Each structure stands twice: as C-alpha cells, then as structure tokens.
C-alpha cells in the first residue's frame, strides 16, 4: 500500500513504520515514498505469524517539524498451497466376508488439509467401482464381493481432494482382504458334450470325460440327474467324471442316447461351507456310430422259383431279387452282382446292381445244353469298409416252347408180310419222339399213301401207339405208305417217314430172333470204347441156309443211335452168327441216361426177308464228376466275436446223377500251408464255416483258409486210388 501525508509547511516528509504487537520486521516503508512493502515471506499456516498485522505509520516533517501517525491494518488471506494429507499411507481391512450385503461399512479413511476455509474442505474418491466413499471417509461396497478372483483381495487408491482453486489432492492405498464363502457353483467346461461310440462297443468302453471346476476351490463330485452314478447302460465315475458303458452285456440299438450329468460341490473351501451345496448340469449326447457288422441277407431267397420261356430274347426279365442289410448309411447300401458258376462259359444272367432286376444274358434252349433248369447265384455286397457279402442261389426253370418236331427213330421203315396174313394182324410199329414237354411233345400218328392212294385201303395206323394194322387181304407184291407224326403243340409240328411193306410167299420165312426185345441192359457210364454191351442172335428161318446179316439201324435222335454211339460186329460161333453191340463213343449218364437201339437181320433166301429186334440200354451213374465250389470267397469276421461265430457258408456242386456220387462233404484242408486250419472249422454237411478262436485284428488282420469238397463214394476216375473226387 502507498501511504501519503501532506505537510502544510511544504517541507519534506519522512515515513516510519512500527508494528503493534507481533510482526516486527515483516513490512517496511520507503522513507520518502511512503510505499509499504513485504519484507519477508508470509505463511498463513505458520502459527507464529498473525493473520492480521496492526501497524503505526508515522510521518515527520524535516528539521524537527511536526509529525503525525495513522493506523495501518494488513490482513493476510489463505492461499491453497497445502494438499490434503491422509493420516496413513495405506489402509487395510482383513477377513471381510465376500457375501456381505451391499452398502456395508468396511473401513474409514481420514485426510487433513493445513489450509483454511474452502481450501481445507475435503471430498473423497475411490478408484474401484466395487466401492464408494462418503464425505466422512467411510468406505462401503457397491457391488457383490468375490473372494474367488483377484487373489482374494481388492487393492485400490483413495483420493482426498480440497475445494481450492485450483484444487489439490492427496492419495492413499486401500487393501481389502476378502474371506471365501461357498457361493460359487461348479462350472462344466462345456454345456453339451457329443462323444461317438461304436454300436458294437463292449462292456466298460470309455465314452467321454466331463470336466467341471468350482472357483471356491471346492471338490466336485459327478453324477446323473436324479442321483446315482448309473443311467441306463452308462456309468459315471464320481471323482473323475469319466463316463463308460457298464460292465454287463451291451446293446446299443438307438442312434443316440442323452445323459444329463450333474456336478456338485462339497463346501470344503470354507468354514460352514457345506451349509450350502451347489449343483450344475450339462448334457452328454452319445452318438452311436454304425459298425459294418451285418451281411446283406436275401430274406426271400427260398421262395425264388422264376421261369423263363426258352427262346425268349436276350435281356428278358427273370425275377427281382432283394437283399436287406441291417446296417446304416453306406454299411447298409447293397449292390448286386452275378457269381460266375464253375465250368460255365460266361454268365447266363445279368443283374442290375442297384435294383436287383435279374435278366437273361442269352437265348435259352430247353432241349439243348441249357437243360430244363439253370442255377444262378446272385451276390449282394454292402458298401462298408471292408464290405460284407451275402449270396442267394436259386434255380430258373426254362419253360417249354413247341420248337422241336417229332422225330422218327428210323429214316425209312421196311417190313416183310406173308401173303396169307389175316386181317387185324399187327404188321409193324413206327415210333417217333419229341423232346418238348407236355402237349408240345405228345404225338399222334396218321397214315397216307401219296404214291398210290389205293394202298391206304389195306392198312390203318393206331393213332396213339403207331402200330400199323392190316385191314384187307394182301394182293400185291409191295405197298408204299407215308406215316406222319404230329405233336399237339400250338401250332403243331410234324414229320413224315416212308413205310415200305413187301409181301412174301407164304412158304418163305423171315429170320427168327431169340428175343424180340433185349433188356433193359444196365451198363456203367464209364464203359470203355470197344467194350461189348450185349450179344444178340437170330436164326435164318431157312433150312440148310443159316446165313444172316445184321444191321444197327440209326434213328433220328441221339437216344436211337443217330450219332453212332454204339456199333455192331458180326461173329460166327458154332454154326451160328451172333451180333455183338459195342461202345463206339464215350457215354455220359449226366447227358443221356438211356438208349433204344433197333437191329435188323436179313436172311439169304431167294427173297431176302428181314426181322427187327429192339435193345434197351440203361446207363448207370458212376462217380466221375468232381464237386466244384460255386465261388472263391472273401469274407469278414469281427474281432472279439465269441468262438463258434458263423463266418460264411461255402457251396460246391457235384453234377453226378445219383446219390451218393453227388453228395458233397466239406473239410478244412489239413496241410501246413493252410494258414487258417487251426482257427476255423467247417460243418461236414452244410459247408458253414465257424470260428475256433477269438480273433484280435491288431495281431493278424487276415487269414487264408483252404477248404475241400469231397463227394460221397470212391471215384470212378482213373488213378484215384479208391478215394472220393475232391
């Protein structure tokens, strides 16, 4: 401040300053200027310094003039130059229960500010939103505390701020140590678990492990909803959470199984923790994976009796087969194929691999090599890895079409008749055969005389038997007729043959056979070529002229020696001439079982007369066919299956015509190179193959098994040493 005094005598004035009470030397005054200045620093907070200074300023005229004084009061105001200060650098609260209600007082902090007035007014702030602090420094919780995070304590900064301009602050650290309570439930690592288990899984198979943890640090125990550690075929280990199939027999027949699992804490974390137990749940969906353990099965195989008309065009439908496979997905998808039959050239049928529609693959001839019945084997293969197979064998009947005419057993008939033969005499019998079946092969005979129509007045023919009978006395030397054989098919087929009847003098006699019919003569089908079947004899019928000539008459069918299966040799013996019938070509019971031969004998008279005899030859089956397996097989068996599990059924066919030559027995080949001989056995009669041990795929993944089919009697083949064919 500037103090000013006025001298009425216009003299120079000098100023002096003096403190009243405290504060000497704090201020000074310019002696001539009157300006009062601060002489040393002020501190409002220094208790030794007054906040109000009372000073006396004296003005004195020079040279002993007058003087006068005035009171000067100087007030000091506070400046905000002190920050608030906490009583402690850090505050701690211990054993605070984590479950205290919101708004609970936890501790009190206190800060002071040496300033005055609003510079000393303090407000508090905290740096953690779990807490708040009021103007009195009381700290309370605004959120639920948690002893399971932050290492079980909260550390934050509390700030004290004064209301000066600008304000000043002070800080302290607060640590609040919480006490654990059992307030957390166990948490599963996932809400839904989705393990896969094979449908053929055995007892005690591991399914999955569920994991749960409890932040409180409690021990967790596992179970199924509803209590207990088992649910259906599943069990859970209480401590580990491992889920397995139970130890008894297992049958997984559904696509999936849902299990509700629980995790329960035990309160071991804290004092009285077991007063509240927490439980949480999760879902385990066990998906069942299909295993390729079912073969395709032709359930209706036993009912397949299809028919195909002979001559039907290639590709004609035969039957639709169907196999089912109980497996799912590709393991149950079936594809069809035809199994090549042994010693069969090409396949006679085809099958659509998707639909199972069987069709012909050739034009069949019932009377040819195909025969009346043709066997076919269809295979169904699933698409699993490795695949499984099922087979179905059935017989296709080739139905008859009238495609064969009747065939006479001679190319021409010639017969001698005595001139005095009486009316009604049986003169000769014409005979035809027709390979077709039923009406297509039933024959009716008729007679005509195309060369000389009047010849027909003398003869008639029996429609059914083919006997030609005399109707009227003979009065010419020769007659020429034509016999016709016609079948009853639609339309009918027919053939004709020339019949010549020669009339001989009643004094002339034809040769006389010892027997008109020989046989039936039974011979083995393996009779060697050149072997004698039978010897036959006729006498000439002329006294003193015993000469006779024999002829084997070829017929028009294989059974009547069309192909010269037999031949005839004449032999003189003791004044008689014999005819030996011998084998000319190999015989086969499986192709033709019987023969009907006609032998003609002529004498050497003036009129050569002839007679005929019939020889019936019946073949006997010998064991000359080998049983042949219908296919080489690749089969699968699951590891771990019990002893006696069926693996497959093999099938061999023996084409011999009779039992026991065509009876097949099955064996496992007993040889050191037969790898599977100690591990499998075969049913002697049925060919079913069964396991003899429990297999382990990881030890060995495949076995070659050699099986043998033997027929039921000693072999008739050369060098067989009395053993069956195999």
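Just so you know, glycine gets a Cβ as well, placed from its N, Cα and C.
Here's what TrEMBL has on this protein:
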- 12-86: domain 'Cadherin' (DOMAIN)
- 88-188: domain 'Cadherin' (DOMAIN)
- 189-298: domain 'Cadherin' (DOMAIN)
- 300-408: domain 'Cadherin' (DOMAIN)
- 409-513: domain 'Cadherin' (DOMAIN)
- 523-629: domain 'Cadherin' (DOMAIN)
- 629-711: domain 'Cadherin' (DOMAIN)
- 707-726: region 'Disordered' (REGION)
- 716-726: compositional bias 'Polar residues' (COMPBIAS)
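Counting same-chain residues at least six beyond the ends of the compositional bias 'Polar residues' (716-726), those with a Cβ under 8 angstroms from any Cβ of the stretch are 524, 526, 622-627, 654, 665, 708-710. Per DSSP, the secondary structure of the domain 'Cadherin' (88-188) breaks down as 7 helix, 49 strand, 45 coil. As a whole-number mean, the pLDDT of the domain 'Cadherin' (523-629) in this prediction is 92.
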